[in-house]
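Notes for the one structure printed next.
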Amino acid sequence: MRFPWSKTKEAESSVMSSDSSVQERNAPVRTDGPASTELISHEKRAVNSDTITANPAIQSEPAAAADPENIAQSEKHEELNRTVTTATTSSDPGGGPGEDDESKYATGLPLHLLTLGLVLSTFVVALDNTIIATAIPKITTVFNSLDDVGWYGSSYLLTTTSLQPSFGKVYTYFNVKWTYMLALLIFEFGSVLCGAAVNSTMLIVGRAVAGCGAAALFSGGMTIIGYSVPLRKRPIYIGLLSSLFGVASVVGPLLGGAFTDRVSWRWCFYINLPIGAVAIAAVFCFFKNPERKHSSLTLREKIAQIDLLGAFFLICAIVCLLLALQWGGTTYPWSNSKVWGCLLGFGLLMTVFTGIQLWKGDLATLPPRVMLKQRTVFICAFFSAFLAMGLYTHIYYLPFYFQAVKGTSAEGSGIPAEGSGIRTIPYLVSLTISSVIVGGSVTALGPYVPFTWFGSAVFAVGSGLLHTLKVHSSTGTWIGYQIVAGAGAGACVQIPFIAVQVVLKKKDMPVGNAVAIFFNSLGGAISISIAQNIFSNGLVKEIPKYTKGVDPYKIIAAGATHIREVTPPSQLAGVLHAYNIAVTNSYILAIACACIAFLLSFGFEWKSVKGKKLEIGGAA
């Protein structure tokens, strides 16, 4: 599969040949002294080569050097070479792990406490993706807001997704410590709004505000580690932060269910406050903000480097799309002018956003050079998006199956085997374990493309199996189906982040990772709204089919946990059957997305991680 923007093999061969000839011309210069064993970088070798070329005495034949005048001239130029070599090697602090001055980094207790703060802040950001999933049915009952389910997840993912690339530029040009702490305070403020919400609208706004802060915290944690930990130790700390997303995916539904049943769903958000306070204190006390070359720029110059205009149009475009998906077929018919207006607005705003990206170039939110230069980056973006769409559909709508159809509580009312949070463990644990196993396998074997084929295919099969769940499906059935789907998703969820690092130059890796993360988050945000539309329309359509005299809108208003209270006993079986159809129909979206991801997996270039040092870039 070849894209117009892909490099041809002939071009790649030409580049490699050119690089080889340049390296031969610019062989490393050896000198007497400690610097004699150091290899000089490509550009620095060129400096020494130019020096030699400009001085014929250095290139003279050994026999000619026997002349005393030639010897003196040769020694003079050898001393010049030594000076140039020493200057170039000493001015390159990033030449490799052996040249990293570890004395400038945090050590001992301060480093441990700083790491604890970063772990806690990253954990609550990851937790907010899933902790609300098992609480949503209860929230919809309290606020009579079943139609808003999609916004509870999408509003958080929307702002997190749209602002994440922009915050990467903010950390480049602004004070790292104060940017991180400000983002954490914004996240905490959003959590307060959610916990104190008096209606559904306030909860949605709070989720959006929290997402604004969360957009800067994961990438900020990686940045702080880069300035606080020596290069040779850095992968351990980066891996620690990345793994928290897997841990949170398992712990989130359990905590959400426990708080909802035993305390209040509001504690799903209040729990962030003490954890965030510890994180703020740790960063304030133990992180030393670095001095960088951008520190001398004025505020206006720094702001000019950030694509605020692009981020604004991107957010507006996605809001229009989500509104259309939320309203279409439920609040308003698809032919309604409001729905079509939102779809038209989305198209126009995305056109403007695309123009801004082309105009901004490398300063764009999504740089076209990176998005279009390598076909693997393009494939990674959409593969990650469709995989996330299927994954988030399952995470958000499996609790509805257990709480509404199976009649469990959010956590189980003290009976662990009955909790919907407990019942989703097979899915989330299999996803995490599969991801770890595949990560180790790629490291050991090298090629990663086969895992995209295998993982997306298994995920499609698992999604199809979950679609077949019935009201009276056995425990073994729903456990087995979840394991298949989770294992498939876990097998390929990290591959896009590995692939962009393999195919891109080192300087482009952060941008490539940002592209993959952006589309991953965007897919999750969109899928929740689409699945909500399928679910709500399904209830309205199916309840009249299997019941007599039951108002579907009354069932919707009652929420997932109270349908038994508002349904006549004689009609309960029909309502549960209709509810089951509506929930499992939302899994059709996951099936379609998994199949598209499988087809996209054949667009990956066949590459191997062997022989290339990887930098961990993110998590799903």
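Using N, Cα and C of the backbone, Cβ positions are placed for all residues, glycine too.
TrEMBL annotations:
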REGION    1-103  region 'Disordered'
COMPBIAS  48-58  compositional bias 'Polar residues'
DOMAIN    114-609  domain 'Major facilitator superfamily (MFS) profile'
TRANSMEM  178-198  transmembrane segment
TRANSMEM  204-229  transmembrane segment
TRANSMEM  236-255  transmembrane segment
TRANSMEM  267-287  transmembrane segment
TRANSMEM  308-325  transmembrane segment
TRANSMEM  337-356  transmembrane segment
TRANSMEM  377-397  transmembrane segment
TRANSMEM  425-444  transmembrane segment
TRANSMEM  451-469  transmembrane segment
TRANSMEM  481-504  transmembrane segment
TRANSMEM  511-535  transmembrane segment
TRANSMEM  586-604  transmembrane segment
Note: vs the transmembrane segment (586-604), the recorded stretch with the largest number of Cβ pairs under 8 Å from 178-198, 204-229, 451-469, 481-504 is 451-469
Using a Cβ cut-off under 8 Å, which residues of the same chain at least 6 positions beyond either end of the transmembrane segment (308-325) come close to it?
150-151, 154, 158-159, 161-163, 165-166, 339-340, 342-343, 345-346, 349-350, 352-353, 356-357, 360, 364-366, 522, 525-526, 529-530, 532-533
May I ask which of the stretches 267-287, 337-356, 425-444 has the most CB pairs under 8 A with the transmembrane segment (377-397)?
425-444
Taking the transmembrane segment (451-469) as reference, which of 178-198, 267-287, 425-444, 481-504 has the most Cβ pairs under 8 angstroms?
481-504
Candidates 178-198, 337-356, 481-504; stretch with most C-beta pairs under 8 Å toward the transmembrane segment (425-444)
481-504
